[in-house]
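Trainee: Here's a structure for you.
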């Protein structure tokens, strides 16, 4: 049976911590923590496991009409308070607080306060009342929610979202504006409610004819006139407007997405329009290209995870490893020539070969072994092997790197034999091959095979001699 | 990380008591590491324990350049990996170089209409002139390239590469005198004390090559005029290792790289290791971040002993490269030689190379002065762009050319058929960029017929800075540093990314 606490100091500690927590929450904006105290916050992710387990255990025991051991409840309450306080400290490090942290903080505080109330009730012999039962139920829910929000803070908001069945397909090189761009925007944001099963506002968006047909209030689009199109009007309404699309709670379209729809409608909402039909000055072209770029970022999302510690082991003064963006698994690596070069510096990168999208090996005395490593980097998009002693033999190793976009191979020993390898890089956009043995014929063969390739074979030899003559121009001005 | 003071112990009483304190701190650190490893893993950065709340201070570990970056940067996918900023100090005359105003020819000598000047403040140098006679440029302008960009004949070499350039004709700034204006361009504030753009980028993104400084500045020796101060490439309140390192403009850009006579350098590593321990002790005792900067710079200097001779050695450059940069390029320390050096540094992944060329302050003899300045810089600038282009480096390297302000359309001092001077003009001037993420062969913004006011697409200094950071994957509103109780950023509370010039 629960008794009046024989060790009153525990009550004081709990009372003290509660007051402290309330104080923290109220005076939050005035608090500037000394760094040692802020550091205590770093323990939050460790400590938080205790109240989750202990409180859930205590609550379940209570709900099963068993007596909750006093010691269990005491430790659970204490740990809930400590967790809330350390969590508060940790939260002060991220300014401004996002929504997630905001909710997590207040629910976490709620858990702690509820635990304290329960503790207080039980020290006053009120173990089995309905009030306590209620608290137990609410606690279980709140602990779950708080934990979930906390999880979203550390692991990302969609960590627990069900795996989405439809995979985002790569946007093709010369996309159809409607099918590959506009439809993607609608599919991501609107079709969930405007499909044959839901048909909100009698508007269907699953294909272009339905979209042109419109809904309840008539046509959704006025071809050539985005300003008068119902669909666009709704996108521009203030968020709190009832008619704003997508309705409240849903993520609104980005500025770019709205503009894509607008320009597409302005150009007549055709389903045959392609990117290559657009003028370079047409803003739609820029926005589509931007979307295609972010598409490559999406393709990086599928790369395997690499830990910072792995990178740390492989990096050295002469091997710089960077993530392409802070939270990306895609890596950019530059190798510099150390006083004593050992191919192992490069071949060791094998462990992370799949993650390498940019590799700069220029000026390194590369041999076969290193090129074999390069061949393993299946996701490579950017390769610099310029000013290296490689010849056709080494170069042949890297045949079939289909994601390669930029290749710098100037000042190397490759010759026409390598043209076959080059032709096979279907995605290649820029190639730098001056001061190689590739002949004019090889170059024209290459140009034929990859018509959109930007081929740089350096400064025209005629120009080179001209530079010297040009020096006289300036003198004549003076 | 911190096994270092076990062996070094003092027998001085006072020092021993300090050592005891260290031991206690050591204990905390170690336990925190031990237990913390269970759950906190990378969350726990024990160096934060004793330092100010400052994400990059703390014992420097040159090995983990990617982990150095605890700021969550870059914010988005960067277009630019490195930059060369060709600072034309003094305020180049846009009216005699790029901003062609044919109508001025008919207005030669007429007074600048008051409606145009609209009470705009002038410098003390021309404010008390009784007349403001319009001076059309005496230089000839032509259109070049597919982009039909206007360039005067002062810059024949640059006119060959206009299709790679993005001209911004609507630049404007707040300051009207040299030092505040340069300081404003470089640090976002007219008052000294803030970090330079290069320092911000070094702080935000770290180094791509641990063997060379992230931020290097070169001042050409063949320009002279308004003085430049090292604070222009200073770190301000950022940790000191982000300061720009100035290379000397002579034969030896960095002094004392070689070993002195009779010393083989074999035990230098050992010596530095001991020095690092001593400095580490001092850091533990005082927590002064400058000590860390010192440790880092010793290490950097050590590695620079091999890396610097490699980059500064131009002996393996073929002749046609020198010819392309012009005869000056064989004379170390000139603008052209610095351009070549800049390319070599960029090739080694130095992130921020800043050149300064003084002498663009044509208060008098403007046409001659502009020609003279151009003669010293035009070929180098154009060659650098060509050279970067053929190496595929324009794909991820940004080139910026510009001064701190422009020059007035009216003549300062006497106007004659062939000669005039021009005073400082912050309200409209021209800059250009090239490379990574910037539209090539493009002109943005427009000034009125007098080149005095911007009539289309103005770009303020802060907008330029925001755009520059944007190209590096940095949201200029989110790269901040807390100092003296508030968070600072390069663009202070201003700045919009100029989206229209981005590809």
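Every residue, even glycine, has its Cβ placed from backbone N, Cα and C.
Remember, TrEMBL labels are computer predictions, not curated facts.
Pulled the feature table from TrEMBL, pasting it below:
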DOMAIN    A:190-249  domain 'Cytochrome C Planctomycete-type'
TRANSMEM  A:12-31  transmembrane segment
TRANSMEM  A:43-64  transmembrane segment
TRANSMEM  A:71-90  transmembrane segment
TRANSMEM  A:102-121  transmembrane segment
TRANSMEM  A:130-150  transmembrane segment
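Mind running through what each feature is packed against?
Mentor: Remark: secondary structure over the domain 'Cytochrome C Planctomycete-type' (A:190-249) totals 19 helix, 2 strand, 39 coil, with classes taken from DSSP.
Sequence-distant neighbours of the transmembrane segment (A:43-64) (same chain, 6+ residues past either end, Cβ-Cβ under 8 Å): 72-73, 75-76, 79-80, 82-83, 86-87, 89-90, 111-112, 115, 127, 132-133, 136-137, 139-140, 143, 147, 150, 154.
Through the fold, the transmembrane segment (A:71-90) approaches residues 10, 13-14, 17-18, 20-21, 24-25, 28, 33, 37-38, 40-45, 47-48, 50-51, 54-55, 57-58, 61, 104-105, 108-109, 111-112, 115-116, 118-119, 122 of its own chain, all at least 6 residues removed from its boundaries and within a Cβ separation under 8 Å.
Sequence-distant neighbours of the transmembrane segment (A:102-121) (same chain, 6+ residues past either end, Cβ-Cβ under 8 Å): 14, 18, 21, 25, 51, 55, 73-74, 76-77, 80-81, 83-84, 87-88, 91, 127, 129, 131-132, 135-136, 138-139, 142-143, 145-146, 149-150, 153.
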Trainee: Limited to the domain 'Cytochrome C Planctomycete-type' (A:190-249), I'd like the whole-number average of pLDDT.
Mentor: 86
